[in-house]
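Chemist: Sharing a structure, written as structure tokens. Questions coming.
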Amino acid sequence: MSNESTNCSFFLNLFMLLLLLIFYSADACQRECGGISIPYPFGIGKDCCLEKYYEIECRNTTSRKLVPLLSFINKEVVSISLPSADSHFAYEVSDQERHESFGLVRVKFPITSAGCFNDGKESGGGSKMNFTGSPFFIDRSNSLIAAGCNSKVSLMYIKPKMVGCELSCNTSKDSYSNSIPFVEAGCSSNVLPYSQDQGCPEEIAEETGCNGIGCCQASLPNEPQQVIGIRTENNDGNSTTKVECTVSAFLTDEIYALPKATKTEHLLAKRYATVSLGWVIQTSNRSFLDSLALACKDREDYRNTTNLERKCTCGRITISETSYANCGCTYGYTGNPYVLNGCKDIDECKVKFEYCGKTETCVNFEGGYRCVRDKTKAIMIGAGTGFGVLVLVGGLWWLRKFLIKRRITKRKKKFFKRNGGLLLLQELNTREGYVEKTRVFNSRELEKATENFSENRVLGHGGQGTVYKGMLVDGRTVAVKKSKVIDEDKLQEFINEVVILSQINHRHVVKLLGCCLETEVPMLVYEFIINGNLFKHIHEEESDDYTMLWGMRLRIAVDIAGALSYLHSSASSPIYHRDIKSTNILLDEKYRAKVADFGTSRSVTIDQTHWTTVISGTVGYVDPEYYQSSQYTEKSDVYSFGVILAELITGDKPVIMVQNTQEIVALAEHFRVAMKEKRLTDIIDARIRNDCKPEQVMAVAKVAMKCLSSKGKKRPNMREVFTELERICTSPEDSQVHNRIDEEEEEEEEEEEVVTTINRGDSWSISVTAPALSIVASSPSSDVEPLFPRLTW
């Protein structure tokens with residue numbers, strides 16, 4: 001028993017080895033000839049094919065081109081295809097129809113003709129195609145094509161008994177209708193030009209591809225045919241004249257459309273037509289079929305079972321009463337079923353056809369595919385929606401920001417125009433060559449420098465606005481003057497300050513760094529003067545600054561006089577400050593004076609001696625002659641400087657209260673009265689009385705008296721004042737102090753003096769004995785506000 005078992009195992013292993021040799025025999029053979037693939041069971045040479053019917057001869061032509069020939073019929077091969085090779089991607093067909101397809105080999109057959117003459121001899125008729133006993137048959141993809149005149153072409157040896165078409169070159173309507181191919185109703189399901197089989201009582205016209213006069217075609221029946229002949233009959237029985245190339249008829253798998261083609265020499269010049277031959281496997285090849293049975297499943301069993309693991313199936317088919325085998329790859333596979341593992345999986349997810357819906361993901365597996373609803377797609381859709389909403393919100397936010405920025409830009413342009421930007425440009429252009437380029441700051445830069453104009457940054461309040469301390473991005477400390485809300489009538493004052501400061505380049509005048517006109521109220525940027533204003537150092541009660549001794553005060557007076565002298569005579573055009581006061585005198589780190597606040601300044605031409613304007617100024621500093629005439633001259637600045645000299649000498653504010661009375665008088669009047677009564681020592685500031693040089697103080701006091709003269713003509717100009725004060729300051733000995741101005745006691749003025757009487761009351765009002773003129777004054781504090789009175793006459 002064991003010996004028999006051993007023998008069976010041996011023969012089984014030997015049989016499997018032989019099968020493997022059979023299947024892999026093709027691998028060692030040439031599989032291409034002339035660029036045409038030669039799949040198994042075909043092969044080049046006897047040892048590389050299944051049997052003689054599949055032998056291919058690779059012949060070298062005269063043009064040195066390799067041409068494959070099917071040795072069995074000695075015809076040139078155009079292509080060889082495997083079963084189902086063209087149907088695996090046509091997934092709309094059923095599995096049964098797919099596996100009933102056959103392998104095809106396309107070969108070249110000569111075009112046959114009848115009734116043609118070449119060199120005086122009539123060419124032979126068409127030959128019969130006979131593949132009986134071979135594994136080949138004529139595929140139904142071929143058609144009968146006929147071209148010529150007055151002929152009837154039909155196929156022989158097929159069922160139904162007669163299939164063909166008629167040719168006519170007559171252009172009449174009746175003859176044209178006869179040339180159209182037709183099929184008899186109730187006969188074949190295939191569209192045939194005509195049939196004369198029994199049971200087909202009527203003929204129905206059916207248009208086909210070649211339906212013009214002189215051309216017709218007919219389709220083959222569905223059943224595989226191994227024998228086909230072509231018969232041509234002449235329908236023109238009365239004609240005795242032979243015409244050249246009457247009929248050309250042939251089988252081909254190509255498409256022809258030859259309307260009105262009556263000359264067949266063009267077809268004969270082609271010499272051949274391609275014909276598709278189906279091929280199967282003869283059942284006499286038992287060993288080969290048995291080997292296929294191990295790899296492929298029987299087709300009937302495959303259709304009746306749910307086990308679809310096999311990659312290929314084989315079935316039997318009868319052709320001309322002979323049984324053949326036909327194999328093919330199963331659904332989901334493609335390749336050569338006649339080679340071991342020749343059927344390969346199709347990746348349906350990579351083909352162009354969409355198998356799954358938009359919300360599904362295609363997943364390929366061996367022999368098929370499945371559509372999986374992607375759970376991540378919902379997340380992706382949600383994320384995409386969220387991202388879209390985010391983009392939308394971001395877009396709206398950006399649009400809002402853009403619109404706000406655009407609105408701010410328009411507002412800035414509006415403010416620039418309203419704040420006199422155009423006027424400033426015009427003024428600067430008219431003074432081109434004399435005006436240094438002024439930097440234009442943007443509002444954001446100044447907001448950042450002043451911490452958004454914080455109250456903690458306020459340095460002081462002036463007549464035209466508030467001054468803030470700020471720091472620029474480059475580290476420079478600046479003073480930002482933010483003007484008050486002003487009407488268009490006051491814009492000229494602001495622009496005037498910018499233009500004037502742009503012209504000035506003097507060490508004792510505050511330097512203008514730039515301006516900003518794009519805000520609701522205009523702003524100026526000055527250099528920052530660290531020690532504040534002169535008023536604070538002289539008049540604040542808690543101030544006992546030792547630096548404000550007489551020597552420092554005298555030097556400050558010289559600095560102020562030098563600056564005013566420069567403005568009146570040395571600048572590009574004379575400039576009248578019009579608001580000289582101690583709060584507008586700033587002290588730097590070395591306590592050197594700098595003149596500031598040019599908001600009410602005016603520039604005049606050289607030939608002008610005064611400027612007629614509405615009265616403006618600060619109580620206690622305004623020239624009384626200016627009150628009367630409304631004409632501001634350089635001597636008006638001299639008068640205001642005289643008040644500052646009186647402040648430096650006495651330490652009193654420009655408006656003082658008379659002791660033991662309710663009256664408030666101007667310091668200028670009080671100083672003049674004391675000088676006339678020779679009581680200077682009584683009014684000298686107690687803080688400098690013991691330290692000063694009396695001769696210097698007296699000399700400066702006499703200069704102040706001249707500056708405070710009620711008549712402008714009797715006042716010296718600022719150059720004379722500066723020269724005199726500088727000489728007083730630099731005199732090494734007290735005996736050398738000499739007043740250039742006459743030291744003789746002035747004659748008592750004949751003209752009517754303007755006497756200022758200030759009654760102290762709840763309203764702190766001031767009445768001035770001037771022609772029908774009244775003004776309102778601010779409280780005498782460190783925050784002295786300029787007044788803008790108007791003449792009422």
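Just so you know, glycine gets a Cβ as well, placed from its N, Cα and C.
The feature topological domain 'Extracellular' is assigned by Swiss-Prot to 29-378. The annotation region 'Atypical EGF-like' is assigned in Swiss-Prot to 312-371. Per Swiss-Prot, disulfide bond is recorded for C314-C327, C349-C362, C356-C371. Taken from Swiss-Prot, the feature topological domain 'Cytoplasmic' covers 400-793, and the record attributes it to sequence analysis. Sequence annotations record features per position, and here Swiss-Prot assigns ATP binding site to L459, G460, H461, G462, G463, Q464, G465, T466, V467, K481. The phosphotyrosine annotation in Swiss-Prot covers Y526, Y626 and is backed by similarity to another entry. Feature annotation from Swiss-Prot assigns region 'Disordered' to 733-757. Taken from Swiss-Prot, the feature compositional bias 'Acidic residues' covers 742-754.
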Chemist: Please report the Cα separation of G465 (ATP binding site) and Y526 (phosphotyrosine) in Å, rounded to an integer.
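Modeler: Here the two Cα atoms lie 14 Å apart.
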Chemist: Please report how many Å separate the Cα atom of H461 (ATP binding site) from that of Y526 (phosphotyrosine), as a whole number.
Modeler: 15
Chemist: Under a three-state reduction of DSSP output, how is C356 (disulfide bond) classified: helix, strand, or coil?
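Modeler: For C356 (disulfide bond) - judged by DSSP and reduced to three states - the answer is coil.
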Chemist: Using a 10 Å cut-off, grab the number of neighbouring Cβ atoms around the Cβ of C314 (disulfide bond), all chains included.
Modeler: 22
Chemist: Taking only the recorded positions C349, C356, C371, L459, V467, which one has a CA atom nearest to the CA atom of C314 (disulfide bond)?
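Modeler: Spatially nearest to C314 (disulfide bond) by Cα position is C349.
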Chemist: What is the number of other Cβ atoms found within 10 Å of the Cβ of L459 (ATP binding site)?
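Modeler: Summing over all protein chains shown, L459 (ATP binding site) has 18 other Cβ atoms within 10 Å.
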Chemist: Would you mind pulling the DSSP three-state label for C314 (disulfide bond)?
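Modeler: SS state of C314 (disulfide bond) = strand.
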Chemist: Far apart in sequence but close in space: which same-chain residues, 6 or more away, have a Cβ under 8 Å from C362 (disulfide bond)?
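Modeler: For C362 (disulfide bond), the qualifying residues are E348, C349, Y355, C356, Y369, R370, C371, V372.
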Chemist: Any idea what the model's mean pLDDT is for the topological domain 'Cytoplasmic' (400-793)?
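Modeler: In the predicted model, the topological domain 'Cytoplasmic' (400-793) has a mean pLDDT of 76.
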Chemist: Counting distance between Cα atoms, which of the recorded positions C327, Y526, Y626 is nearest L459 (ATP binding site)?
Modeler: Y526
Chemist: Could you give the Cα-Cα distance between Y526 (phosphotyrosine) and C327 (disulfide bond), in whole Å?
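Modeler: Counting only the Cα atoms, the answer is 101 Å.
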Chemist: How many whole Å apart are the CA atoms of Y626 (phosphotyrosine) and V467 (ATP binding site)?
Modeler: 29
Chemist: Helix, strand or coil by DSSP: which one applies to H461 (ATP binding site)?
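Modeler: Its secondary structure by DSSP: strand.
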